[in-house]
Amino acid sequence: MCAGTMKIISPSLTNSFFRCTLRFVACLFWIGYSQGTTHVLRFGGIFESVESGPSGAEELAFRFAVNTINRNRTLLPNTTITYDTQRINLYDSFEASRKACEQLSLGVAAIFGPSHSSSANAVQSICNALGVPHIQTRWKHQVSDNKDSFYVSLYPDFSSLSRAILDLVQFFKWKTVTIAYDDSTGLIRLQELIKAPSRYNLRLKIRQLPIDTKDAKPLLKEMKRGKEFHVIFDCSHDMAAGILKQALAMGMMTEYYHYIFTTLDLFALDVEPYRYSGVNMTGFRILNIENSQVLSIIEKWSMERLQAPPKPDSGLLDGFMTTDAALMYDAVHVASVAVQQFPQMTVSSLQCNRHKPWRFGARFINLIKEAHWEGLTGRITFNKTNGLRTDFDLDVISLKEEGLEKIGTWDPTSGLNMTDNQKGKPANITDSLSNRSLIVTTILEEPYVMFKKSDKPLYGKARFEGYCIDLLEKLSRILGFEYEVRLVEDGKYGAKDDSTQQWNGMVRELMDHKADLAVAPLAITYVREQVIDFTKPFMTLGIGILYRKPNGTNPGVFSFLNPLSPDIWMYILLAYLGVSCVLFVIARFSPYEWYNPHPCNPDSDVVENNFTLLNSFWFGVGALMQQGSELMPKALSTRIVGGIWWFFTLIIISSYTANLAAFLTVERMESPIDSADDLAKQTKIEYGAVQDGATMTFFKKSRIPTYEKMWAFMNSRSQSVLVKNNEEGIQRALTSDYAFLMESTTIEFVTQRNCNLTQIGGLIDSKGYGVGTPMGSPYRDKITIAILQLQEEGVLHMMKEKWWRGNGCPEEESKEASALGVQNIGGIFIVLAAGLVLSVFVAVGEFLYKSKKNAQLEKRSFCSAMVEELRMSLKCQRRLKHKPQPPVIVKTEEVINMHTFNDRRLPGKETMA
């Protein structure tokens with residue numbers, strides 16, 4: 001029948017059947033050829049989920065990466081990647097091991113995931129045994145003797161990331177840091193930071209976040225109570241999102257708090273509610289969003305991700321690519337780069353119970369470790385020994401009003417490089433203060449802060465006026481902030497109680513963040529700088545002594561002696577005695593001071609000297625009293641003495657006369673104290689300061705003996721000498737024998753308006769008033785710049801003139817004249833002494849010269865003539881002496897005549913030939 005059938009078939013039908021058969025065989029051949037040239041590899045992925053539901057970001061990124069590689073065909077033109085994904089419960093290591101064995105039995109070139117350590121370690125041990133690469137995108141603790149040779153991790157090495165956090169802490173100059181971690185591995189990850197206190201001046205406090213719940217409010221409450229403003233949170237992004245929401249509800253999202261998050265997903269969090277809170281929030285980002293190709297891939301991812309159901313309460317922006325997703329995307333591409341280098345690689349089914357490793361596994365893992373790829377997270381290279389990613393770039397991001405912005409970079413080689421100040425837009429000091437409302441604490445103190453006098457009721461800041469109020473208004477105009485003025489509750493400036501170690505006053509309110517600024521006469525001191533910050537001083541001053549003015553005393557009966565000091569009076573008396581004696585001696589020695597008392601008888605051999613001892617004293621008195629004495633010196637030496645004495649008396653009398661009028665007309669103000677030393681040496685006059693003020697603290701902390709003694713006095717009588725405020729101290733200084741220690745600027749203000757008070761002595765110390773801010777306040781530097789601007793423009797000086805200038809007290813006609821001392825007119829005594837010495841030398845010269853002339857005249861030796869002259873000069877009571885005569889020749893008749901006329905003396909006219 002068959003043959004018959006064959007026979008009845010026509011040739012045309014036979015040819016058609018033959019052609020169809022050939023075509024069918026050709027198709028089968030092409031399919032077989034195609035299957036032989038197209039390489040197919042399978043990747044396995046194990047992902048964790050809390051419960052059955054939508055796929056997580058890592059699983060979606062894994063599929064997205066595989067599909068992208070297969071679509072583009074650029075990386076693997078002749079290889080098709082397939083995948084097998086499995087889901088397990090969190091921390092289920094047994095289920096993870098079972099799923100890994102299932103995938104290995106199917107034949108996979110590598111296994112990606114799971115994320116958590118316990119499950120990852122179980123899968124890692126299986127991969128090590130069977131020689132299959134295990135690729136991780138989460139941090140896993142690596143022990144020093146790590147033997148996971150088939151392991152690579154794309155997550156940045158946390159020892160490097162810990163150094164990045166430490167560099168950031170040092171850049172911000174933090175002194176106290178709190179670390180809050182969510183599991184025990186956080187202490188391992190942050191080991192570089194935990195070791196920091198031993199190497200840096202850093203105080204570290206470590207707290208653990210709640211494990212079984214996301215309620216962090218109890219922990220945040222403890223941080224707020226402990227004033228922990230610098231906190232590092234080591235937690236997942238969903239935990240970070242919950243912490244931010246709870247911190248906002250607790251009032252911990254202010255400019256005084258600064259948070260650093262270790263999660264690399266900070267950029268993906270919804271920070272819209274916190275943009276204008278003023279909180280400082282810093283973190284790191286590894287996703288290279290500045291690359292246009294990366295942005296293109298993220299856009300495609302976002303489009304596909306938005307089609308998937310969003311994960312509830314994740315805290316992430318919908319469709320935003322997380323770091324885990326980006327790392328998984330890069331991990332698939334890195335494995336594909338290794339596949340490209342090993343095209344002949346094939347996979348085989350592996351059984352967990354046989355322990356027969358994959359023959360291509362060792363080479364494949366080495367190719368993965370040697371791979372280089374510029375991915376979504378930057379450059380990717382591995383340490384060939386441990387498979388860790390140690391070379392990477394991080395962007396430092398910070399919360400601004402525009403959102404999270406890049407402010408710097410960090411890499412393991414160069415470290416931290418902050419670029420926030422190098423942006424295109426210029427820095428503006430009003431950026432952090434514009435349109436903000438600040439609480440300002442102050443204290444009533446004239447003329448700084450006072451209640452404004454008005455007939456109408458005043459409210460708010462309009463109730464106050466004064467220097468500090470004007471300063472606050474100027475600052476608000478420059479910086480653009482609003483403010484509310486509140487008086488400090490306890491009425492104190494701020495001091496530390498030694499027994500309780502607690503602060504009070506305005507300092508306490510700043511420490512408790514009840515106020516943003518303290519604008520008052522608040523002195524900048526060392527102890528206050530330990531707990532709060534200060535701006536540069538807007539006023540410099542010191543501690544002075546306020547005391548009532550002493551009563552004036554009328555000039556006394558003997559006030560005419562006051563123009564010259566007692567020393568000068570004594571020196572004048574000694575000078576008078578000395579000059580008189582010198583004049584007497586010189587007049588006796590000088591031959592030219594002897595004269596003929598009978599001018600009509602020029603032949604008389606008797607000469608006379610007017611300068612007896614009494615006459616010499618009389619001559620000195622006459623010159624001193626500006627009167628004549630009828631005694632005129634004739635010799636040059638005596639005239640020198642007289643002239644120099646007259647010059648001396650001229651200066652003395654002129655000085656005395658000039659100073660006498662002041663002493664006779666001015667009421668002398670005699671004060672019992674003139675300085676702090678005078679106060680310390682006595683106990684009759686009480687003295688004190690404002691309790692718990694900067695002045696009291698100065699004496700309390702001083703180590704200068706005088707001030708220590710003063711503090712001992714004040715401390716022993718603290719109930720009576722320490723006052724509550726300046727007004728009480730001023731009133732006590734007016735009404736009792738009390739010296740009030742206070743700031744010099746306030747003393748200046750008080751003495752301008754109360755003429756019965758005055759400042760005693762100079763300043764005891766030097767300090768300044770500054771605007772106080774809480775520790776670490778971002779406003780301090782901005783306010784400092786504004787204060788310097790006001791200072792340079794002269795505004796601060798004009799404000800001081802406005803509030804300090806009063807009616808003024810009537811000026812005294814003249815100040816008390818001080819007695820002239822040796823330093824004033826001592827030179828005239830030197831001139832007097834020089835004149836006396838000169839006159840002595842001249843007198844000696846005259847004496848020698850005259851002795852020589854007499855020796856020649858009397859024809860005898862020079863020595864005998866000098867002795868004779870000296871003998872006659874030393875006869876102090878004699879005014880007469882014989883003139884020297886030449887020898888004469890006497891004739892006989894003249895002798896007879898002499899006997900006859902015995903009442904006449906020898907004329908002695910003839911001389912020997």
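Positions of Cβ are set from backbone N, Cα and C atoms, glycine also.
Residues or ranges marked as topological domain 'Extracellular' by Swiss-Prot on the basis of similarity to another entry: 1-566, 665-824. As annotated by Swiss-Prot, disulfide bond applies to CYS101-CYS352, CYS755-CYS809, with the evidence given as similarity to another entry. Annotation comment: Swiss-Prot describes PRO521, ALA523, ARG528, ALA694, THR695, GLU743 as L-glutamate binding site, evidence class similarity to another entry. The transmembrane segment annotation in Swiss-Prot covers 567-587, 644-664, 825-845. Here Swiss-Prot flags 588-643, 846-913 as topological domain 'Cytoplasmic'.
Counting only same-chain residues six or more apart in sequence, the Cβ atoms lying under 8 angstroms from the Cβ of THR695 (L-glutamate binding site) belong to ALA523, ILE543, ALA689, LEU741, MET742, GLU743. When the alpha carbons of CYS755 (disulfide bond) and ALA694 (L-glutamate binding site) are compared, the span between them is 26 angstrom.
Within 8 Å of the centroid of the Cβ atoms of PRO521, ALA523, ARG528, ALA694, THR695, GLU743, where the record puts L-glutamate, the same chain has further Cβ atoms from TYR493, LEU522, THR525, GLY693, THR697, LYS767, TYR769.
Sequence-distant neighbours of CYS352 (disulfide bond) (same chain, 6+ residues apart, CB-CB distance under 8 A): SER97, ALA100, CYS101, LEU104, SER105, ILE126, ALA129, LEU130. All protein chains included, CYS101 (disulfide bond) registers 17 other Cβ atoms within 10 Å of its own Cβ.
Each of the recorded positions ALA523, ALA694, CYS755 was scored by the number of other CB atoms within 10 A of its CB, and the lowest score belongs to CYS755. Using DSSP to sort the residues of the topological domain 'Cytoplasmic' (588-643) gives these counts of helix, strand and coil: 25 helix, 4 strand, 27 coil. Taking Cβ-Cβ distances under 8 Å and a sequence gap of 6 or more within the same chain, the neighbours of PRO521 (L-glutamate binding site) are ILE443, GLU445, TYR448, CYS468, TYR493, MET539, GLU743, THR745, THR746, TYR769.
DSSP assigns CYS101 (disulfide bond) to a helix. Looking at the residues that bind L-glutamate per the record, PRO521, ALA523, ARG528, ALA694, THR695, GLU743, the two CA atoms farthest apart are separated by 17 Å.
Looking at the topological domain 'Extracellular' (665-824) alone, the prediction's average pLDDT is 85.
Sequence-distant neighbours of ARG528 (L-glutamate binding site) (same chain, 6+ residues apart, CB-CB distance under 8 A): GLY494, VAL507, LEU522, PHE534, ALA694, GLY772. Cβ-based neighbour count (10 Å, all protein chains) for GLU743 (L-glutamate binding site) stands at 26. PRO521 (L-glutamate binding site) carries neither a helix nor a strand DSSP state and counts as coil. According to DSSP, GLU743 (L-glutamate binding site) sits within a strand segment.
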